[in-house]
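Feature list (source: TrEMBL):
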ACT_SITE  Glu110  active site, proton donor/acceptor
ACT_SITE  Glu186  active site, nucleophile
DOMAIN    1-261  domain 'Glycosyl hydrolase family 59 catalytic'
DOMAIN    269-384  domain 'Glycosyl hydrolase family 59 central'
DOMAIN    420-593  domain 'Glycosyl hydrolase family 59 C-terminal lectin'
Amino acid sequence: PNFGASLHILKVEIGGDAQSTDGTEPSHMHYENDENYFRGYEWWLMKEAKKRNPNIKLIGLPWAFPGWIGKGENWPYDYPDVTAYYIVSWILGAKQYHDLDIDYIGIWNERAFSSKYIKLLRYTLDKRGLEQVRIIASDRLWEPISFVLLIDSELHGVVDVIGAHYPGTKTVQNAILTGKKLWSSEDYSTFNDEVGAGCWARILNQNYVNGNMTSTIAWNLVASYYEELPFGRCALMTAQEPWSGHYKVEAPIWITAHTTQFAQPGWSYLQVDGHLEGGGSFVALTDGLGNLTIIIETMTHNHSQCIRPPLPNFSVTPQRATFYLKGSFFMVETLQVWHSRLGFESGNSSLFQRLHPVKVWRGRFSLDLDVDEVYTLTTLKTGHKCIYPQPPPPHPFPSNYKDDFNIRNPPFSEAPNFADQTGVFEYFINASDPGDHVFTLRQVVVQRPITWVSDADQTISVIGNFQWVNFTVTCDIYIEKQRDGGVFIAGRVDNGGIYVRRTKGVFFWVFADGTYRVTRDLAGEEILMKGLSGVRDNAWHTLTLNIQGNSASGLLNGYPLWENVTVSKPSNGWAALGTRSFEFAQFDNFHVE
């Protein structure tokens with residue numbers, strides 16, 4: 001609080017072992033008889049948030065579910081009691097293992113809802129002593145959830161918040177008629193330059209002014225994923241080089257502070273019109289104890305377009321605005337002033353600067369407003385623009401990178417810098433191994449999940465520098481699935497995230513039946529070379545893939561297996577490893593150069 005973005009709410013994914021835009025997040029229950037509340041990074045993230053702001057609100061929402069929940073069907077509502085048990089287990093695990101209280105729980109991100117399931121979820125929460133956990137639905141559009149709430153009084157009784165995604169600052173009559181809190185429960189998703197900051201400034205105000213929404217949640221918090229994945233840098237700030245430690249505090253951080261440093265959950269919006277005559281908007285908030293905060297934005301159309309939905313034309317001109325304070329605010333004499341100007345023409349923005357206080361005379365004051373500005377006027381004196389040390393300089397992913405996965409008590413369940421795009425790759429301890437491969441990386445999803453997008457039929461984790469052209473990948477591999485099991489290593493891998501099914505590159509496969517293949521695609525359909533390798537399951541082998549210019553070659557256990565295979569497109573991309581299907585397999589001594 002009162003440092004930078006000073007966020008009020010943190011929404012996390014309840015990992016479902018499946019692709020959720022830029023990668024997969026592990027589930028707390030890969031299998032029916034499996035529970036583990038230490039996978040992935042979301043537990044860590046929530047605890048770090050609570051360390052900084054103990055009052056931050058927490059929301060959990062699933063994008064996908066492990067396959068066992070659907071008993072083979074790609075649908076989470078056939079066995080609603082199983083799904084409710086699974087979600088409530090996550091909430092209980094958050095408390096038991098991390099002392100985290102989840103405040104809100106969602107249904108299924110941007111997919112169908114089931115009234116029967118929502119009611120069962122409420123019943124299950126109450127039965128487990130979680131009456132204080134509120135339900136938000138349906139993280140999609142205003143309809144049909146609003147209409148269904150109006151005709152189903154039982155459902156109306158269990159849903160606390162209607163959450164819509166990318167509402168374009170508008171709501172619908174049915175949503176207002178429900179009397180529920182209205183939230184933009186996912187918004188922004190825009191490249192974090194000055195236009196992204198303009199988008200964020202505009203919707204933070206206008207979601208309330210036009211749409212009565214009292215919460216706006218940005219996807220996403222921080223861009224800590226390879227920039228060439230979908231929606232690169234669509235975050236409030238950027239930290240996409242864990243190997244260098246470089247990060248960048250982008251303009252949207254300071255736009256956030258204009259609102260978050262001067263109001264808190266529990267404050268109320270005053271029901272003022274909120275539209276400025278010359279274009280732009282303002283909101284006013286109070287804590288009910290005499291404090292007042294006014295936030296003004298004058299973003300122009302071309303400097304505030306969000307990624308979605310399309311923005312109708314409007315005009316904003318420089319203007320003088322006069323504000324009148326009445327009732328209990330008539331006695332206010334001065335207001336603190338914080339100001340940002342997004343500099344599009346000049347190229348240099350002024351962000352979150354403290355200006356001289358404004359004198360209020362007999363309940364009125366005037367301001368000269370230019371375009372593309374944000375003002376906060378407030379009775380609070382706690383605003384603060386933090387000072388932080390210069391981040392380490394940026395540098396590309398190391399051109400010579402090794403990981404032997406030899407770590408007894410890893411801080412996370414997954415190895416650094418590997419970005420799982422289908423399947424989940426975890427540190428594994430091979431208790432029965434004689435010594436060379438006790439600590440490995442293992443693919444652990446063995447049944448296709450209930451997916452959110454079209455995950456691949458193969459599993460894959462990418463790593464490295466997307467600009468790489470000529471490189472050598474070496475890895476020890478261990479096929480666990482008999483007969484039709486298989487694994488690959490790859491280079492020049494060109495896709496991931498929601499587009500993972502169409503991934504191309506140079507893929508070197510070996511199979512449990514003793515054959516090998518070289519393909520141009522993850523799907524394994526564009527075959528460049530094939531033959532016999534002698535590889536078998538449940539034994540360790542070393543694969544090497546060498547790509548130079550238009551030629552690729554492969555080694556098995558240090559001996560040439562195939563060479564001079566012509567490769568053209570794609571011309572660059574990541575290194576990767578993975579499996580032929582949702583199957584157990586292990587990897588060790590990974591090296592890319």
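Positions of Cβ are set from backbone N, Cα and C atoms, glycine also.
Unlike curated entries, TrEMBL annotations are predicted automatically.
The active-site residues under consideration are Glu110, Glu186. Their Cβ neighbour counts within 10 Å are lowest for Glu110. The residue listed as 'active site, nucleophile' is 10 Å away from Glu110 (active site, proton donor/acceptor) when you measure Cα to Cα.
Sorting each residue of the domain 'Glycosyl hydrolase family 59 central' (269-384) by its DSSP state yields 8 helix, 51 strand, 57 coil. Mean model confidence for the domain 'Glycosyl hydrolase family 59 central' (269-384) is a pLDDT of 97.
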